[in-house]
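Worksheet for the structure shown next.
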């Protein structure tokens with residue numbers, strides 16, 4: 001009989017408990033995944049009790065309060081606090097989202113916070129985005145043209161052509177969608193994932209780009225594109241309300257047209 005063995009230090013253990021101090025009018029417990037790869041120790045779940053009446057309304061506000069007032073070693077990324085930069089992407093209450101726009105009041109019970117799933121962890125809630133960014137670079141996410149740039153002018157397009165980019169250019173590369181996708185979990189080394197494919201379609205759909213055929217050929221691969229099985233987790237979890245699954249479908253349709261299907 002085959003014996004199943006977990007990787008070393010993969011079992012998550014109970015960590016420290018930080019009790020609230022003083023008078024508390026609105027107590028909530030926040031459970032945070034803690035892991036430092038420089039230490040030869042298992043990850044833990046640390047618990048923090050905070051008074052929500054003394055913090056802001058978003059999960060990120062609670063994290064900042066914990067870091068500033070309780071445990072300065074808690075590590076996470078954040079920047080804009082407006083849902084624009086994508087830095088604070090993490091798994092909150094079982095769903096990938098942005099901590100800065102996730103209201104605490106929408107979560108019942110203890111607030112459980114983990115890093116984005118199926119990515120290596122740099123520390124605590126900080127995932128290693130290196131592979132994700134390398135995949136983004138591979139699609140050449142810039143305007144590719146054969147004609148010289150106009151002098152003292154922009155490359156113009158019609159209002160109708162510009163509208164084709166709506167729902168695409170707004171992607172902030174937070175990776176919430178890709179890390180919610182089982183196909184990306186299983187084949188992340190080869191499958192580009194919903195975020196990168198949506199970005200690829202953004203340039204394919206741009207009327208100013210002259211290399212549509214080249215871009216489609218680069219994606220016509222059993223793994224890069226066709227590992228998408230329309231599970232739809234990507235569309236469900238996108239904090240910007242975008243539809244990566246639709247973009248992937250559009251790419252597949254354009255490739256089929258090229259083959260006369």
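Count begins at 1; order follows the chain as displayed.
The backbone N, Cα and C atoms fix where each Cβ goes, and this holds for glycine too.
Now, the feature entries from Swiss-Prot:
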type    : residues           : note
BINDING : 80, 85, 100        : [2Fe-2S] cluster binding site
BINDING : 171, 174, 177, 238 : [4Fe-4S] cluster binding site
BINDING : 181, 228, 234      : [3Fe-4S] cluster binding site
BINDING : 186                : ubiquinone binding site
DOMAIN  : 28-119             : domain '2Fe-2S ferredoxin-type'
DOMAIN  : 161-191            : domain '4Fe-4S ferredoxin-type'
DSSP-derived class (H/G/I helix, E/B strand, else coil) of the residue listed as 'ubiquinone binding site': helix
Entry from the binding-site residues list 85, 181 having the most other CB atoms no farther than 10 A: 181
Helix, strand and coil totals (DSSP H, G, I; E, B; other) for the domain '4Fe-4S ferredoxin-type' (161-191): 12 helix, 0 strand, 19 coil
PLDDT averaged over every residue in the domain '4Fe-4S ferredoxin-type' (161-191): 97
Most crowded position, judged by CB atoms within 10 A, among 100, 171, 174, 177 as binding-site residues: 177
Protein Cβ atoms within 10 Å of residue 186 (ubiquinone binding site), excluding its own: 12
Output field, [3Fe-4S] cluster shell: CB within 8 Å of site CB centroid, site 181, 228, 234 dropped: 177, 178, 180, 183, 184, 193, 194, 197, 229, 230, 231, 232, 233, 244, 245, 248
Residue 100 ([2Fe-2S] cluster binding site) to residue 177 ([4Fe-4S] cluster binding site) - Cα separation in whole Å: 17
Separation of alpha carbons, residue 85 ([2Fe-2S] cluster binding site) and residue 171 ([4Fe-4S] cluster binding site) (Å): 10
Env. residues of [2Fe-2S] cluster site, Cβ within 8 Å of mean position of 80, 85, 100 Cβ: 78, 79, 81, 82, 83, 84, 86, 87, 88, 98
Alpha-carbon spacing, residue 238 ([4Fe-4S] cluster binding site) to residue 228 ([3Fe-4S] cluster binding site), which is rounded to whole Å: 16
Pairwise Cα distance for residue 177 ([4Fe-4S] cluster binding site)/residue 80 ([2Fe-2S] cluster binding site) [Å, integer]: 20
Spatially closest candidate among 80, 85, 174, 186, the listed binding-site residues, to residue 228 ([3Fe-4S] cluster binding site) (Cα to Cα): 186
Rounded inter-Cα distance in Å - residue 234 ([3Fe-4S] cluster binding site), residue 174 ([4Fe-4S] cluster binding site): 12
